[in-house]
């Protein structure tokens, strides 16, 4: 005997006030479908979530680093995403397979391929233009190997995400290729804008009152921020330790 409070699996729920069926809709931002039992499809589905991981990384870096270049880079990804939405609704080309629960029904260009190629192109230009002169240290060879590894990871991830969107039938080949082309062009243009136009103003921006309020900083002239923060922290810890010892000895 069934209880009136229980719903059958396919029975729509009713609103309390009007007894009108409610159409429940999940948050589809991370909903990626793959053929059941297909290990490669499942792996590509997880890899296709890379843009979300990169976005979370941006937010974490901005909150804990407050670096202007990272903020501008992140703003570039938002501009790139807005452009993708505009292109989708202007071209209005459907996806190869119609899905009921999806962010948008249009597939041209692919937002995933556009995002990954934007990000990878920006990183590529950042390493070869911004960091090309950093080769006068004892660890120059190690630094170059790390940069090449970063580039390999970025472009491998971009390729796998693009391939996954075709494999999982979220996009056609042309939709992915156009998205990759738009993302590459946008990544190059945004880097050139940041490097040649915006970066010279960063020293002035960090002096603004609002920048001091939010602890924004400019690390443009610091080639290895991790090593810089490590040495500064170690020096400060040693200085404070010596001061504490001297105070106890008095």
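Any Cβ shown, glycine's included, is placed from N, Cα and C.
These figures come from a predicted structure and were not determined experimentally.
Matching 176-198, 199-221 against TrEMBL, the residues noted as transmembrane segment span 176-198. Segment annotation: TrEMBL labels transmembrane segment over residues 145-170 (candidates 145-170, 223-248). TrEMBL assigns the feature transmembrane segment to residues 71-91, out of the candidate ranges 8-28, 71-91.
Mean pLDDT for the domain 'Phosphatidic acid phosphatase type 2/haloperoxidase' (70-191) in the predicted structure: 87. Counting residues per DSSP class in helix, strand and coil order gives 89 helix, 2 strand, 31 coil for the domain 'Phosphatidic acid phosphatase type 2/haloperoxidase' (70-191).
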